[in-house]
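Below you'll find the structure, written out as structure tokens, and then a few comments.
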């Protein structure tokens, strides 16, 4: 692998600009070589002066890069030392509390199930769990910084070696010895000490001296491009997708020959439409994940996932394919119910019952950690006023806004099975009384309108909670206003629908109000999409016209196409209103909803790419590469104490009590190395040391 590719694959995306600009140096060298005057047409002194002038400029650029790297490394190292001191302080506090409450001086307390613990013990258990997670994330940040150190040194060595080869000199090697090999970022070994200290703390204080267990917790995933999925996962993805495509073709033929009347067709469509949208969403989310990884958008950090264990795009494709097969088989079974002994109404219940069980399955199988993460996130979304709102919380609520048809179809299914289904008819999903008009998919009783407003309500209260936490009217109250327009749109749509059915004279008034609020809502959301969520139309965009100063995806055309797509689909309701207002044929609204619901899921899929890109660029601006997890917040006095601590000989002091560590193995930054640390640590990221210039 060429070093440029290796560097690109292994850098920390949020620190991209802080690495040595290896490609720029290469371009300088090749450009100087191409533009050099020929000895055949000019004298040798002119050639020497040309290269001397170039070398002066080249080494000045090297000095600037070296200063940049030294500064960034020093800042990150100081930040790591402060963070380590904070974690030490929090660990000491937890140990002191435990000692006072139970008389146990270490974490080797008797093992009891969490549900048997007292309230104080539960709090302590949570603190220890948070500390383990915090040390794990901190360890990852140390490895990233060590990787930064190694990559930059190798980059300087490679480019200076190339300089000497092209210019046929040894001044590059001399410059490296004089400047790079004595640079603070290379000579400073405190990062290795911090790594050893962290391993010792986690092993001795958090894992009862079990080093194997500690290192398993601290294990850092391979730094670089996404690792290939296991062969069996790839096989299952191909198998499931192939079967799903084949079953869809079969469904198409079966639908032509098996469906008979509208009374049979539309209950099936409404019940199975939501399942299809969910499968489409999972598949497109897999494409999102693949695109983020390829472009270097760190979605793992943005969603605050566990970097050591999370779903890849192949896993999402596998889940979508598997559920897609079940969906097709269930629908096919409904088509062939007349020749089956199982009543038709059993198949939808079995399908969605399995989906629910798959999600809440308590056994540690079938992506248990990812499912548990999703369940916790759903709980936080539906209890938004009572929790601080993070990115993953409002991202998921935004997805629910595009999946509102699923909630409406779920409401329809519950209503249909409860009030309309003719249970003694096993061959078709028929209403109990064919003479009575269907009411479950209408707004007559207001329940459907309420269900349709639930996703917008969740985002609305999330915005209010964020305003409460930050006291910033912009953007949070303004964003809440955006979601409030949905309430008016749905309300007047429901009033128009019910008044139209009853031939009221004021129907046209509600129609115009519906159209008015649709226009307001679409313009509001479109502007917010482009300007706030995507960060486009930046006045400092420079050559990226109508975009922003920095873009991640390689082609500008992606952004322009996304803008056009967002405008079209944000105003797709105009087609729906035009058709429903000018025709009185039954089920026209259902047909349009069935067509436009997948398009809305696709619009959200495109939105996801640029929303996460914008969040990623914010992280890059803050050089935030790992989660910042803390057990106890620091007040101003604590922060001052931690800053002063770095110059004290006795290390960290407890912030509740003015005392030092009293354990045999002090974990002060200045303590002697442990005997167990004399062994070489297998934590460094390997840098390919290829001297073959063809590979550089």
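Here the Cβ of each residue, glycine as well, is placed from N, Cα and C on the backbone.
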(message) The phosphate site in Swiss-Prot lists 398, 401, 482, 483, 603, 604. Which one of 448, 548, 570 belongs there according to the record?
(response) 570
(message) Between 344-365, 630-651, 652-673, I'd like to know which one Swiss-Prot lists as transmembrane segment.
(response) 344-365
(message) Quick test of your reading of Swiss-Prot: among 194-224, 473-503, where does it put transmembrane segment?
(response) 473-503
(message) If you compare the topological domain names in Swiss-Prot, are residue 385 and residue 543 on one side of the membrane?
(response) yes
(request) Using Cβ atoms only, state whether the transmembrane segment (389-422) and the transmembrane segment (588-626) have three or more pairs under 8 Å that are 6 or more apart in sequence. (result) yes
(message) Cβ under 8 Å, sequence separation of at least 6 from the ends of the transmembrane segment (344-365): give me the contacting residues as numbers and ranges.
(response) 271-272, 275, 278, 323, 326-327, 330-331, 333-334, 337, 371, 374-375, 413, 417, 421, 423, 426-429
(request) Examine the transmembrane segment (265-296) against the transmembrane segment (473-503) and state whether at least 3 Cβ pairs sit under 8 A, considering only residue pairs 6 or more apart. (result) no
(request) Run through the topological domain 'Cytoplasmic' (535-553) and tell me, per DSSP, how many residues are helix, strand and coil. (result) 0 helix, 0 strand, 19 coil
(message) I need to check the long-range neighbours of the region 'Important for inositol polyphosphate binding' (158-165): which residues 6 or more away from its ends have a CB within less than 8 Å of a CB in the stretch?
(response) 3, 20, 22, 25-26, 29, 58, 62, 171-173, 175-176, 180, 691, 693, 696
(request) List the same-chain residues at least 6 positions away in sequence whose Cβ sits under 8 Å from the Cβ of residue 573 (site 'Gating residue for phosphate transport'), in sequence order, or say none. (result) 518, 522
